[in-house]
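The structure under discussion appears below in the form of structure tokens.
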Amino acid sequence: MTCIRDLRDYIAALEELGDVRSIDRPVDPHLEVGAIIRRSYETRGPAPLFTDIKGTAAGYRLLGAPGALSSAAGRPNARIALSLGLAPDSSAADIVNALADARTRTPIAPVLRKTGPVKENVLLGADATLDRFPTPLLHEGDGGPYVNTWGTIIARTPDGSFTNWSIARIMMIDGKHMTGLVLHPQHIAYVWQQWADLGKDMPFALVQGGPPVLPFVSGMPLPDGVEEAGYIGALTGEPVELVQCETVDLQVPANAEIVIEGHLSAERTGLEGPMGEYSGYRPNETSMQPVYTIEAITHRTDPIWPTVVEGEPVDEYHTATGLTLAAEALTQLRSAGLPVSSAWMPFEAASHLLVVSVVPDWRGRLPATSTEELVQRIHDVLSEQRFAYLVPRTVVLDDDVDASNVAETMWALATRVHPTGRRLVRSGKTLPLLACYTPQERHAWTGDHVTYDALMPAVEEGREPRSSFRHIFPAEIQQRVLDHWND
């Protein structure tokens, strides 16, 4: 399937599935927009497309839940799959494998075009203000309206050797200024730090409504030196088309809905937060962060601004960051020669749990390796990754369990994880947004990370067969039952 390059074509594809709902009545950006989007997540409803937002000029629109689970019957992953250029009925394993396989292919560099739809309207100086766009207050108690929840921040190191496309929350201060999280070891912080060390503000471009694949890859924990633009090319099989920014030496997707340009301060002078987060809670914490100063805005006529309202699962943090982290974990484990068939972060676990599945014949592939040694190797490989601080718990399972099936996974965790034994613990860096840690651990950015050995024993060592329709009845009996089920 060809990758959808354009947000408007993506919305049209969702309309064909009955997975988008146009909301044409006037809607208040102060909490009402956020409440509608949250309700759509929690009822697995169509993506809401707001066409009449109070205080916003006619024609300006806002798309909620752009990368969440789908309302299309039998196609829960349709929004994710369509965004990545896959068939709407793709399974969880299909998606993770596609992302992991693309990591083994040669990157395809982007191409520069003279112009594109995002240049239809160019705002400079005093005209370049957020006040003309829908900037909703998403949760009660948020520190302010959040400009960025699904957009991509583009930045380049001072020497030009590395260009990063990343995603991080950004809060509106006023029409010309924003502030947002710039946290190490994320690559946006790596780039910003190099500019700050020179005493210079960092040029940036914030892309809203770019190619649907863009936010998913922007949230992917790619290794140091791997650029998202080239990876997207490898994933989709074609280069991303870019245009030159107006005021900074950066290039942005030509068919984006909106691009905000400017500089990010070398000092942390903006009070940021709080905001309802992916853990399902709204931390009360604020922090001092760099300030984005807006110098130009370009946009398509009648622009569409995608918005995410993070909270209890399942929303885009879980589908995008959780899914792409699982794909990168799978890539690294396979690169280490380990007999791993899949990796998955169950959406319902709020990106607090990684499940690694091993192939049935792993003992034959590694004849001199015990269960404990295999789990230790998996633990060691994952502990070395840049994303390790994001994963408080990892469970190693046999792949007879479909980790994307919540009921099956809960059963396996309850029956295969020992109450006290068979676990490996390491202490290290954590993300303060992970709700499972104590306040002291979150403030210190440090805590324990656990890997659970939930592997079953070998058949000759007493492995018990599963007692289910699929596993404990002969195939011919199963088929006979199915053939006559509706008699």
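We number each residue from 1, going along the chain as drawn.
Every residue, even glycine, has its Cβ placed from backbone N, Cα and C.
Unlike curated entries, TrEMBL annotations are predicted automatically.
Residues near Glu277 (active site, proton donor) in space but far in sequence (CB under 8 A, at least 6 apart, same chain), listed by position: Pro283, Glu310, Gly311, Tyr317, Leu433. Residues annotated as active site, proton donor in TrEMBL: Glu277.
Per TrEMBL, K(+) binding site is recorded for Trp165, Met220, Glu228. On its own chain, Glu228 (K(+) binding site) has Asn164, Trp165, Ser166, Val217, Ser218, Met220, Leu222 as residues at least 6 apart in sequence with a Cβ closer than 8 Å to its own Cβ.
Other Cβ atoms within 10 Å of the Cβ of His187 (Mn(2+) binding site), summed over all protein chains shown, number 26. Among the features that TrEMBL reports, Mn(2+) binding site is placed at His187, Glu228.
The domain '3-octaprenyl-4-hydroxybenzoate carboxy-lyase-like C-terminal' (319-421): residue composition by secondary structure is 53 helix, 17 strand, 33 coil, according to DSSP. According to TrEMBL, the feature domain '3-octaprenyl-4-hydroxybenzoate carboxy-lyase-like C-terminal' maps to 319-421.
When each of the binding-site residues Trp165, Met220 is scored by how many other Cβ atoms sit within 10 Å of its Cβ, Met220 comes out lowest. Across the domain '3-octaprenyl-4-hydroxybenzoate carboxy-lyase-like C-terminal' (319-421), the model assigns an average pLDDT of 96. Taking the mean position of the Cβ atoms of Trp165, Met220, Glu228 as the K(+) site, the remaining residues of that chain whose Cβ falls within 8 Å of it are Thr152, Asn164, Ser166, Leu214, Val217, Ser218, Gly219, Leu222, Glu227, Ala229, Tyr231, Ile232. According to its DSSP assignment, Trp165 (K(+) binding site) is in a strand.
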